[in-house]
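Chemist: Checked TrEMBL, it gives:
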DOMAIN    232-364  domain 'GGDEF'
TRANSMEM  20-39  transmembrane segment
TRANSMEM  51-69  transmembrane segment
TRANSMEM  81-100  transmembrane segment
TRANSMEM  106-123  transmembrane segment
TRANSMEM  130-147  transmembrane segment
TRANSMEM  159-180  transmembrane segment
Amino acid sequence: MFNRLGKTAAGDDPKMGRLVSYWSVTVLLYLLCLGIVWLETFTGSGQREAAAALTILSCLGHAGFYLLIRKSRRLRLTPAQLSVYQGRFAVLITCLGYPIVGPFRGACLVVLLVTLVFCAFTLEARKTHSLSIFAIVLLGAMMIAMSRLDPAFDARIEFVHFVLIGTMVAVVGILTGRMSDLRARLKKQKDELLVALARIQDLATRDALTRLPNRRFMVDLLQGGERVPHGRPACLALLDIDWFKRINDTYGHAAGDEVLQRFAEEGSKLLRPTDILARWGGEEFLLFLPQTTLAQAQGILERFRRHTEAWTLAHGEARLRVTVSAGLVELHDREDYGSGISRADALLYRAKSEGRNRVAVEEEGAAVTAA
Ligand SMILES: Nc1nc2c(ncn2[C@@H]2O[C@H](COP(=O)(O)OP(=O)(O)OP(=O)(O)O)[C@@H](O)[C@H]2O)c(=O)[nH]1
């Protein structure tokens, strides 16, 4: 119910929803405690002015906290900071209520404990301990003052109450502090796991050298779609850097790596956000062009080819140049990607055998090449 209330008040922001739902629980607790204050006021010896002042203070405090929660993002207030303020305010109100509730004083002790447990959900151990000390000191001061000022407050009973609540607050403070530590450790572990998971996902789906999606990513993506959706054109090309072995043999493997990186970088610049260039293996790349007709894809590949022969890579005194060959197909309606890749591979072979630095395109069952 409180979660639903938080969601209604805070919209889609889950953090804000949680804060508002905690806030509404504390409102309920305050209402209960104020009920006890007014019960004593009407049926016992409670003072009406003091009860009214306490009620107004509580209402103002709560309205203020609600506003602080809603504006917390703008004011850069963290949930922990809000909890410290709310916790101190709750302790203050409980201690102020202590002399007013007469024989129901024991209820204040329980409320103090509940406040501490509540705060332990958002506070770190150190802050929970300092809130416990604040509660013990304030309540102790209130008990001493009342046993001196009001004969109804028996010093012996107050002393027993103080020892009892002091011990319980200290124990609860330590336990909730431990709980906070545990929570902080769990959160740290969860954050570390999320980072590790993101890294594993990255390693599993990206090529370490070029940072392009790797073959596994591409296969999963293409197999996930299984078949080309009916009525939507999509094209697929296999690209291969020409005479790449010569670069390795002449300038070394590191230079070859640099060429692969540069090829990926330059190629990615030419593509639309929906196109995917993946490293298929070695010096071979796969380009997937969704929602693209063969004529459009041919234009993109031709631009890619011309751009590749235009850029150069400085390597010592030398300027390395490469060219690329490609086999391009339009995926047939409801065709599975595996057969599309085989057709593109055959066309790539043809582009290589017809002289390289060209795009071989399949048209109406026959493969033609353009350079
Ligand atoms: N530097 C580097 N070389 C690689 C990598 N992966 C594969 N190679 C090399 O790429 C070369 C590919 O050579 P070939 O398959 O003979 O092809 P090619 O020399 O490009 O000739 P064509 O494809 O026929 O134009 C091989 O020497 C591989 O060792 C890599 O990650 N880095």
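Just so it is clear, glycine is given a Cβ too, placed from its N, Cα and C backbone atoms.
Unlike curated records, TrEMBL annotations are generated automatically.
Not measured: the values here are computed from a predicted model.
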Chemist: Residue counts in helix (H, G, I), strand (E, B) and coil for the domain 'GGDEF' (232-364), per DSSP?
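Modeler: Result for the domain 'GGDEF' (232-364), in helix, strand, coil order: 60 helix, 40 strand, 33 coil.
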Chemist: Near the transmembrane segment (130-147), which residues from the same chain, at least 6 beyond its ends, have a CB less than 8 A from one of its CBs?
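Modeler: Residues 84, 87-88, 91-92, 94-96, 98-99, 108, 112, 115-116, 119, 123, 153-155, 158-159, 161-162, 165-166, 169-170, 172-173.
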Chemist: For the domain 'GGDEF' (232-364), what is the mean per-residue pLDDT, to the nearest integer?
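Modeler: Averaged over the domain 'GGDEF' (232-364), per-residue pLDDT gives 93.
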